[in-house]
Amino acid sequence: MTDGDYDYLIKLLALGDSGVGKTTFLYRYTDNKFNPKFITTVGIDFREKRVAYNTQGPNGPTGKAFKVHLQLWDTAGQERFRSLTTAFFRDAMGFLLMFDLTSQQSFLNVRNWMSQLQANAYCENPDIVLIGNKADLPDQREVNERQARDLAEKYSIPYFETSAATGQNVEKAVETLLDLIMKRMEQCVEKTHIPDTVNGSSSGKLDGEKSAEKKCAC
């Protein structure tokens with residue numbers, strides 16, 4: 001896909017305490033590589049990836065495919081950057097809420113992140129995936145799977161245990177979030193009769209996307 005050659009621009013925001021592995025997770029997803037030497041994110045950064053999304057009907061794929069440009073925003077987990085992070089909440093259409101399986105404190109802080117997310121996101125029930133990262137370190141694990149799944153069930157969101165080091169469930173977690181977002185947008189399109197693809201110039205596409213996003217964000 002060339003620049004501007006896409007049907008939808010989707011912005012995802014990675015949230016969680018500093019050190020849970022947000023940067024390495026996103027790097028694994030976009031580049032399929034692992035770099036354990038990333039320094040702590042200062043402020044906010046983002047990565048990009050183009051993907052093809054195939055719509056799913058009750059009996060499987062419908063054959064309709066969309067070209068999606070993903071912007072994956074990587075936020076700083078430190079308290080001093082919290083106000084900067086929350087400023088990006090309203091622009092994001094989905095959230096990767098992450099904790100470190102080897103840190104009980106990062107798991108306990110998920111509730112704080114969820115409170116901030118619910119207070120600042122584009123709608124009351126945004127699309128979220130809960131991620132327990134660093135699944136490749138079982139000997140250092142402090143959070144058991146049942147704990148995490150119970151929390152995910154409380155918030156009615158999917159849960160994945162991932163590893164940026166091995167790639168375990170990284171793509172699956174992002175694809176699940178994208179699927180939730182696209183289905184929400186499809187429902188909004190059906191209700192408002194907005195064309196589900198916008199042809200013409202790239203600026204026309206963005207106008208169409210913003211219109212769909214605004215109507216879906218309620």
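The first residue you see is number 1, and the count goes up from there.
Cβ coordinates are placed from backbone N, Cα and C, and glycine is handled just like the others.
When the ranges 38-46, 65-73, 128-136 are checked against Swiss-Prot, the one recorded as motif 'Effector region' is 38-46. Taking each of the binding-site residues LYS22, LYS134 in turn and counting other Cβ atoms within 10 Å of its Cβ gives the largest count for LYS22. Under the DSSP three-state reduction, SER163 (GTP binding site) is assigned to coil, being neither helix nor strand.
Other C-beta atoms found within 10 angstroms of the C-beta of SER163 (GTP binding site) number 21, with every protein chain shown included. Highest Cβ count within 10 Å among the binding-site residues GLY16, GLY19: GLY16. According to DSSP, ASP74 (GTP binding site) is assigned to a strand segment.
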